[in-house]
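> Sharing the features that TrEMBL gives for it:
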ACT_SITE  9  active site
ACT_SITE  138  active site
BINDING   96, 97, 98, 99, 100, 101, 102, 103, 104, 105, 106  ATP binding site
DOMAIN    64-145  domain 'GHMP kinase N-terminal'
DOMAIN    195-258  domain 'GHMP kinase C-terminal'
Ligand SMILES: C[C@@](CO)(OP(=O)(O)O)[C@H](O)COP(=O)(O)OP(=O)(O)OC[C@H]1O[C@@H](n2ccc(N)nc2=O)[C@H](O)[C@@H]1O
Ligand SMILES: Nc1ncnc2c1ncn2[C@@H]1O[C@H](COP(=O)(O)OP(=O)(O)O)[C@@H](O)[C@H]1O
């Protein structure tokens with residue numbers, strides 16, 4: 001059995017620079033991982049069956065990004081060798097869904113990376129990232145495993161090394177559907193594209209934040225509360241918000257004062273994904289196939 005993390009991501013800034021003909025939006029964002037997230041345990045089988053436990057409330061197994069990721073690999077394997085392997089996958093779900101923390105994408109990425117190893121498929125990181133983009137715009141960064149400045153729909157990645165502070169992440173009890181925010185007529189979608197250097201000299205913001213606050217007053221209220229303690233922002237299309245602190249204790253102290261009923265956690269920013277830190281610890285049992293470029 002192989003147990004691996006599927007960490008959360010934060011969008012340290014997020015700007016929407018345009019809408020493409022296919023309806024997707026071009027954006028610029030700085031992705032960083034945190035050392036908190038889901039965990040997946042994989043046991044390979046020879047019978048071709050994929051079994052995921054437990055089921056996620058509201059998500060049919062065949063719609064679960066974990067099963068979708070595994071099926072993509074099975075299809076490739078079938079084409080290559082005519083055979084398919086299976087797996088029992090146990091998911092420990094800690095990340096709220098629809099929170100802008102990328103939990104579904106991270107679960108999918110961990111599945112691609114883990115089954116590539118366990119089924120001995122030998123696919124490169126580039127190939128896994130290309131497969132991943134079909135599952136979600138956020139999957140490639142989790143496959144590549146390094147903090148990155150992202151452009152395009154999130155697939156053009158330039159590795160970056162922002163500070164790695166302690167974060168307090170607060171999750172209002174609501175799911176924000178990414179598609180709903182991107183389809184909202186009031187979304188700001190014409191921000192100028194900047195270079196990473198220009199971003200480093202500009203105050204960071206999230207272009208979805210004003211709209212999500214307007215549609216979900218709970219987010220606005222919690223953000224006003226957190227702003228009393230530290231500069232704070234929303235991640236992705238929300239609903240989670242975060243603030244950075246110089247020490248774990250400082251972040252814990254604010255969490256202890258959080259309004260009743262609000263779920264939150266303290267985590268360390270990581271420029272290397274905890275998924276790859278875990279894989280490195282397993283070396284030499286498991287080796288990563290090197291990548292050749294940084295697009296996707
Ligand atoms: C906005 C971001 C920023 O990190 O985060 P989340 O808040 O979802 O985590 C992501 O790019 C989201 O990525 P992901 O959650 O994988 O989205 P997808 O499943 O690919 O897309 C869901 C829907 O959102 C819209 N969409 C998504 C990404 C994008 N660049 N433009 C879009 O217009 C499309 O309507 C699409 O059908
Ligand atoms: N393994 C999974 N974990 C979470 N969500 C999943 C998963 N598989 C499919 N989904 C679907 O993807 C949606 C977005 O999930 P998630 O990645 O957690 O949010 P976000 O994109 O806001 O970070 C969920 O509401 C759910 O319907």
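Each residue, glycine too, has its Cβ placed from N, Cα and C.
No curator has checked TrEMBL annotations; they are predicted automatically.
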> Between 96, 100, which of the binding-site residues has its C-beta surrounded by the fewest other C-beta atoms within 10 Å?
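Comparing Cβ neighbours within 10 Å for the binding-site residues 96, 100, 96 has the fewest.
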> If one looks at the chain holding residue 138 (active site), which residues at least 6 apart in sequence have a CB under 8 angstroms from its CB?
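The list for residue 138 (active site) reads 9, 31, 102, 105, 106, 154, 236, given in order along the sequence.
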> Using the centroid of the Cβ atoms of 96, 97, 98, 99, 100, 101, 102, 103, 104, 105, 106 as reference, list every other same-chain residue with Cβ within 8 Å of it (recorded ATP site), in sequence order.
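Same chain, not in 96, 97, 98, 99, 100, 101, 102, 103, 104, 105, 106, Cβ within 8 Å: 8, 95, 236.
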> With the Cβ under 6 Å from ligand 1 as the test, give me the qualifying entries from the binding-site residues 98, 104, 106.
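List returned for ligand 1: none.
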> Among the binding-site residues 98, 104, 106, which have a Cβ atom lying under 6 Å from any atom of ligand 2?
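Checked binding-site residues vs ligand 2; flagged 98, 104.
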> Is it possible to get the count of other C-beta atoms within 10 angstroms of the C-beta of residue 106 (ATP binding site)?
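Neighbour count, Cβ to Cβ under the 10 Å cut-off: 30.
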> Could you count the residues of the domain 'GHMP kinase N-terminal' (64-145) that DSSP puts in helix, in strand and in coil?
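Grouping H, G, I as helix and E, B as strand yields 48 helix, 7 strand, 27 coil.
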> Around residue 98 (ATP binding site), how many other CB atoms lie within 10 A of its CB?
20
> Of the residues in the domain 'GHMP kinase C-terminal' (195-258), how many are helix, strand and coil by DSSP?
32 helix, 9 strand, 23 coil
> Between 102, 104, which of the binding-site residues has the fewest other CB atoms within 10 angstroms in the structure shown?
104
> Hey, does DSSP put residue 9 (active site) in a helix, a strand, or just coil?
strand
